[in-house]
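Annotated transmembrane segment per TrEMBL: 21-39, 45-67, 74-94, 114-132, 139-158, 178-198, 210-230, 236-259, in sequence order.
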């Protein structure tokens, strides 16, 4: 977001991927995701995914220093609720075996619940992609819904790959199975498209709005995919399920309190006063063209007067 704000203030617009600051942010994001990747090999998806609320709290505090935001009482209250919810969902998360072999992943992949779930996801994603491409609908919900649908496949693949690598390191070789490379390809492709749509959302909307909404969508899709694919909560008690959901609700409430009443940023684009230019009767102003390096054009009336002169 800091990169997009800096580039928008420059007279000569450049692609974001030419900025060293943007690549620095992507690198830091990649390092953080390596930690997430390792965590999926040792804990259920229902535990790892909701812990993303730490990034929401971090974004609220870091934006004070980098994006010059103001710390509010709502930020502190939302952070407290989020931490409380995190404690509950970690405490009452399902306790299931985490060592997944390649054969287990193959069996899960062809199970009927997952096949139905994946078909529904593909249909919903195609509908959203149609509105995004054909109708040019770039609402934040549309963008982040596509990110969440891709993320559900990502967490499934990440957990499978991480678990098989962990078993291989322990001496139970799993890397000779073709399912391992299928999951690697699924993980890489879904991550790449997530970055595309998430970057689009960060470019168009406030970071304080994108991060919490993305957290809620991502957590919901990840937990659902973990329940359907890896059959988490299969033997959990009703009280554990209730307290886990209550913890998720507190985390969701906390992140929305943090993001509530955040004002949209409007960049102050300078205007050029043409009132004192000799030979022009127009005293209006020309706005800089935000999509090119030129200074815009005069009205048609002035163009005709110029041609007559």
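Glycine too: its Cβ is placed from the backbone N, Cα and C atoms.
Caution: TrEMBL annotation is automatic and unverified by curators.
Fair warning: this is a prediction, and the values are worked out from it, not measured in the lab.
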Ask   = So which of 21-39, 45-67, 139-158, 210-230, 236-259 is most in touch with the transmembrane segment (178-198), counting Cβ pairs under 8 Å?
value = 139-158
Remark   = Outside the transmembrane segment (114-132), at least 6 residues beyond either end, the same-chain residues with a Cβ under 8 Å of its Cβ set are 108, 138, 142-143, 145-146, 149-150, 152-153, 224-225, 228-229
Task = Mind pulling out the one from 21-39, 74-94, 139-158, 210-230 with the most Cβ pairs under 8 angstroms to the transmembrane segment (45-67)?
result = 210-230
Task = Sort out the residues at least 6 away from either end of the transmembrane segment (21-39), same chain, that have Cβ-Cβ distances under 8 Å to it, and list them.
result = 2-3, 6, 48, 51, 55, 158, 161-162, 195
Ask   = Looking only at residues six or more beyond either end of the transmembrane segment (139-158), which have a C-beta under 8 A from one in the stretch?
value = 36-37, 40, 45, 48-49, 118, 121, 124-125, 128-129, 131-132, 183-184, 186-187, 190-191, 193-194, 197-198, 200-201, 204-205, 209-210, 213-214, 217-218, 220-222, 224-226, 229-230
